[in-house]
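Feature annotations, reproduced from TrEMBL:
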DOMAIN    380-450  domain 'J'
REPEAT    27-60  repeat 'TPR'
REPEAT    95-128  repeat 'TPR'
REPEAT    209-242  repeat 'TPR'
REPEAT    255-288  repeat 'TPR'
REPEAT    293-326  repeat 'TPR'
REPEAT    327-360  repeat 'TPR'
Amino acid sequence: MATIDDCDVTMDPEMEILSDEELEREAESFKEQGNAYYIKKDYSEAFNYYTKAIDMCPKNASYYGNRAATLMMLSRHREALEDSQQAVRLDDTFMKGHLREGKCHLSLGNAMAASRCFHRVLELEPDNSQAQQEVKNADSVLEYEKMAEIGFEKHDFRMVVFCMDRALESASACHRFKVLKAECLAMLGRYPEAQSVASDILRMDATNGDALYVRGLCLYYEDCIDKAVQFFVQALRMAPDHEKARLACRNAKALKAKKEDGNQAFKDGNYDAAYELYSEALTIDPNNIKTNAKLFCNRGTVGSKLKKIDQAIEDCTKAVKLDETYIKAYLRRAQCYMDKEEYDEAVRDYEKVYQTEKTKEHKHLLKNAQLELKKSKRKDYYKVLGVDKNATEDEIKKAYRKRALMHHPDRHSSASAEIQKEEEKKFKEVGEAFTVLSDPKKKSRYDSGHDLEDDTGNMGDFDANNIFKAFFGGGGGQGYSFEANQSSGPGNFFFQFG
């Protein structure tokens, strides 16, 4: 066996001649200098001098205790914990050492271990008010942990964030609490906050699998699936048994594949297949709000192609509930409302879109919807006559003939006064409709949304009987006979079938 003399080790000659007493004096001097720097809050220099003191006297518990206090101020809590534990190993009655060990445990989120340390302090010094308060702090952290666990199981992510915020007031260096908070922020859609928390952890520990998972989760929920998969894979490299990362990675890949298949089916015009594929994609992960919003909108688009307008509206509504900023879903739903002639709803959606993105296209869509809404508020002359908006001149004449005879007041002369009044009103509306739709200029202006009463005078002043008389020739024709009925009052005619 080699002896000291056989080794090529050179000893510092000054160190060889120092006695134990001199070493202790030197160490004490270093400690005092460390204390001076600590008071000045120059913790790095304080750390250096406490380390020199420990090198001189490695069996002195107080030196480890002082360095632990300095490391705590430098937020190096794990190293501080090691020094505190070494201090109490050297001296189990070192009250400050137990107190600092407890604080380190608590800062790192180990409330049970912290509580044991604080109770040891109280054994040594029963009236220690600081230890009494720290016991309460540790108990509070344990309680918040339990509440957070229950909240997470119930998917009450706001409660979990609240509990973790409270727990982190005492456990400021606990990565586990921070990751849980970040994960729940991501589940709540608060991605920038979640990313910030995870990034802070990764700056201190680039291999933290939980933080890598949360970064991936945020990207996944923001529909950046390819980047998300990269983070999930990296998390699994750091922590091969990370089940959440494994499940999220599998879901991300499945969701991407199913969505792309649906998109391809849509491009190929296979709308039934696209509808089914989007529906299957929606079952993969209900928590992926942004991607699911796009899937609902895509399925709504397919629904409109399949003439499932109500289903398309429902899907678009689900999309905007998931993502209130999703312009494409508002536009799709608005078009569906237009197709259903539900113009009030269409205008509301187009207004929302235009307020968000003031483009010429969106302004045009809004103006068109407002025009259709205005037109819908007027009497619908096409409905009055019972014809389509593309009806020909002959179809309009035939419709007038039918409706005019149906509602002519003399046909209902034996009915109650109420029915007579209603039929007179309908007879007048039929004449009014025919007057407009049989005149190409008036019809064109009516179709364009112009207010005909403003342009041509009050439409309510015309005589429907005169129109009727002019249309049927006033007598003899078409198998009808018309005579003035003097007893019925002015403006009424008597007709009888031939």
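Every residue gets a Cβ built from N, Cα and C, even glycine.
Along the repeat 'TPR' (293-326), the predicted structure has mean pLDDT 96. The residues of the repeat 'TPR' (293-326), classed with DSSP into helix (H, G, I), strand (E, B) and coil, number 27 helix, 0 strand, 7 coil. With DSSP classes pooled into helix, strand and coil, the tally for the repeat 'TPR' (209-242) is 27 helix, 0 strand, 7 coil. Each residue of the domain 'J' (380-450) gets a DSSP state, and the totals for helix, strand and coil are 53 helix, 0 strand, 18 coil.
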